[in-house]
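Enquirer: The following feature annotations were taken from TrEMBL:
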DOMAIN    93-274  domain 'Malic enzyme N-terminal'
ACT_SITE  Tyr116  active site, proton donor
BINDING   Arg169, Asn424, Asn468  (S)-malate binding site
ACT_SITE  Lys187  active site, proton acceptor
BINDING   Glu259, Asp260, Asp283  divalent metal cation binding site
Amino acid sequence: MANDVHQIKLGNSVSFNKEVKIGRPKVRGIDIMRDPILNKGMAFTLEERQLLGIHGLLPPALMDQDAEVFQVMQNFYRWNDDLDRFIFLMCLQDRSEKLFYRVVTENIEQMMPIIYTPTVGLACQKYGMVFRKPRGIYITIHDIGHVYDILCNWPIDDVKAIVVTDGERILGLGDLGAYGMGIPIGKLSLYTACAGVQPHHCLPIMIDVGTNSENIRNDPLYIGLRQPREAGENYNNLIDEFMCAVVRRFGKNCLIQFEDFGNQNAFRLLENYRDRYCTFNDDIQGTAAVAVAGILSSLLITKIPLEKNVFLFLGAGEASIGIARLLVQAITKTGQGLEQTLKQIWLIDSKGLLVKNRPSGGIEEEKLMFAKDHPPMENLEAIVESVKPTTIIGAAAVSGAFTERILAFLAKINKRPVVFALSNPTSKAECTAELAYTATEGRAVFASGSPFPAVTYKGQTLHPGQGNNAYIFPGMALAIIFADIRRVTENLFLAAAESLAKMVTNQHLSEGRLYPPLSTIRQVSLNLAEAVITFAYEHNLAFRYPRPSDIRSSLKEFIFSTDYDSYIPPVYDWPDYAHHHSSKK
Ligand SMILES: NC(=O)C1=CN([C@@H]2O[C@H](COP(=O)(O)OP(=O)(O)OC[C@H]3O[C@@H](n4cnc5c(N)ncnc54)[C@H](OP(=O)(O)O)[C@@H]3O)[C@@H](O)[C@H]2O)C=CC1
Ligand SMILES: CC(=O)C(=O)O
Ligand SMILES: [Mg+2]
């Protein structure tokens, strides 16, 4: 079937060939206007309106998608409140998927802080009020024995990626129970907006085992189970059943991204499943890759070789341990031994500096390798003065922990101190971009988990980078789905980190950025996916055969087009009709 191919501009610098697909949808009449996957709003042509039986159900004007985008943006700007913008965009997603993704993709710098951190955090906290229409699947602890049946209720068979949470650690906001569903939905929106993963391949899932937040359980609008969190054997059985049911329903190559699980479950489940399922934990592994990429970029500014740096983490949880582990891999790759490398990586948890002989006793297994032979210390300022880090990384959700004094001290001992305030949302950041720059006389090399606006310091405008796993997981998922990668190894994340770091130019660095601008995220994700796929084929991790001869162009064909499909069958689809007509003449 001949397709009408034309070009559409995406973001500031990306342009992909887009094919207008032609096909007769199974749904017609008013149902097609109610289906967000098929709905074209005012952009149904006159012929389509007549053919599909919706003529007269729309106002008579005919618009194209550009006019619809204009209309959406006019509405978007009218709202003064980000939560209102969030609700508006969710309603758009429920109305017209293609329009939603076109708007979000083309305006990613404006839209990401709404559909993702920080606003998604607020939306989760108020999810009962925000909730309009269900999206994805809710599985509860009472569904043990029936998980597969629930997955069968999902109307699409072709699911290739799931983002799942149990809501125990939503951003740095704690246990939000079923209100945490905003996170898998937001993450999967970024799969498509940032990397072009087909939305119908994506499925958000909430595993509701209760919540330990009494406030939420007593919220009259709460959408989840009003019971304390279930743990232990029942919890494990449910997750085990869920993993098996996903494979049975969607196949063994369906990616399962774990998101915002509580610390203990996150590490435990990753270890349990990483070698048996197509899975990764975004908070541990995705965060690791984005942070290591930022660290690699920072070396170009500090001019200190990777293996000569001293790293201090505030936090020794999923994010920090994930980063520290991948950092070990990156540093040892330079040839430096493990023992020396570990001497340069220090962590702090809620009990203070991570040391071997703790008065409080045992250390969790994942922290053990980083524990030092050192007297216990608790005060952050004193620890910073003692450890003298070149790079300080915050991932403890302790808002404002990097004080002016700490930052000034870092600037005293480093020409260019590297400061990562990774905690989300913005209210949990260890310091603001402004404080990082002003307290260090503009010398800080800074990145944050949630976005901060540019800061002008003594005439120089600095753009803080967003050290968020959103630079990794969409491209990583695209690679996994495209190349049929079935085990997501640490080396794939290191390949992703190295690929992301390579995309940072001198121009970016001179603007203060440790990552390419978000406006180029489509290009970034595509490059990253290509690098990961290439690595996967080289290391026998990709099962798609034959290997595409041109991975990049195959990837471009694979990704989602925001162009509307045409629902008018071409004349040459009906040869008998044409023949009958001409023979009558
Ligand atoms: N930018 C990004 O892409 C990402 C950012 N994050 C953010 O990082 C933060 C932490 O997430 P995550 O690591 O998953 O959470 P975890 O709960 O796994 O870890 C939190 C860590 O912080 C420690 N901690 C808590 N309070 C203090 C304190 N007062 N002083 C020192 N340490 C403290 C905890 O100590 P203990 O071990 O003793 O309990 C724990 O080690 C969140 O805000 C999250 O949003 C997470 C993932 C990605
Ligand atoms: C970004 C992210 O995954 C988090 O803050 O949990
Ligand atoms: Mg997360």
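Glycine residues also receive a Cβ, built from the backbone N, Cα and C atoms like all the rest.
Quantities reported herein were computed from a predicted structural model and do not represent experimental measurements.
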Enquirer: So what's the average pLDDT for the domain 'Malic enzyme N-terminal' (93-274)?
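Expert: For the domain 'Malic enzyme N-terminal' (93-274), the model's average pLDDT rounds to 98.
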Enquirer: When you put Asp260 (divalent metal cation binding site) at the centre and draw a 10 Å sphere around its Cα, which of the recorded positions Tyr116, Arg169, Lys187, Asn424, Asn468 have their Cα inside it?
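Expert: Neighbours among recorded positions, in sequence order: Arg169.
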Enquirer: Where the criterion is a Cβ under 6 Å from an atom of ligand 1, which of the recorded positions Lys187, Asp283, Asn424, Asn468 meet it?
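Expert: Checking each Cβ against ligand 1, the ones under 6 Å are Asp283, Asn424, Asn468.
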Enquirer: Enumerate same-chain residues with a sequence separation of six or more from Asn424 ((S)-malate binding site) and a Cβ-Cβ distance below 8 A; give 'none' if the list is empty.
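Expert: In sequence order, Thr117, Pro118, Gly121, Leu171, Gly172, Ala397, Gly449, Ser450, Asn468 meet the Cβ cut-off.
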Enquirer: By CA-CA distance, flag whichever of Arg169, Lys187, Glu259, Asp283 among the recorded positions is nearest to Tyr116 (active site, proton donor).
Expert: Lys187
Enquirer: Using a 10 Å radius around its CB, how many other CB atoms surround the residue listed as 'active site, proton donor'?
Expert: 28
Enquirer: Given a separation of at least six residues and a C-beta threshold under 8 Å, show me what packs close to Glu259 (divalent metal cation binding site) in the same chain.
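Expert: In sequence order, Val163, Val164, Thr165, Ile183, Pro184, Lys187, Asn281, Asp282, Asp283 meet the Cβ cut-off.
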Enquirer: Among Arg169, Lys187, the recorded positions in question, whose Cβ has the most other Cβ atoms within 10 Å in this structure?
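Expert: The residue with the densest Cβ neighbourhood is Lys187.
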Enquirer: Out of Tyr116, Arg169, Lys187, Asp260, Asp283, Asn424, which recorded positions lie by ligand 3, with a C-beta less than 6 Å from some atom of it?
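Expert: Only Asp260, Asp283 meet the Cβ criterion.
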Enquirer: Taking the recorded divalent metal cation site as Glu259, Asp260, Asp283, identify the other residues of that chain whose CB atom sits within 8 Å of the mean position of the site's CB atoms, giving them in sequence order.
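Expert: Residues close to the divalent metal cation site, other than Glu259, Asp260, Asp283: Thr165, Arg169, Ile170, Ile183, Phe258, Phe261, Ala266, Asn281, Asp282, Glu318.
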Enquirer: Going through the recorded positions Lys187, Asn424, Asn468 in sequence order, which have a CB under 6 Å from an atom of ligand 2?
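Expert: So the answer is Asn424, Asn468.
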Enquirer: Please report the number of other Cβ atoms within 10 Å of the Cβ of Asp260 (divalent metal cation binding site).
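Expert: By my count, 26.
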Enquirer: Using only the residues recorded as binding (S)-malate (Arg169, Asn424, Asn468), report the maximum Cα-Cα distance in Å, whole number please.
Expert: 16
Enquirer: Give me the count of other Cβ atoms within 10 A of the Cβ belonging to Asn468 ((S)-malate binding site).
Expert: 25
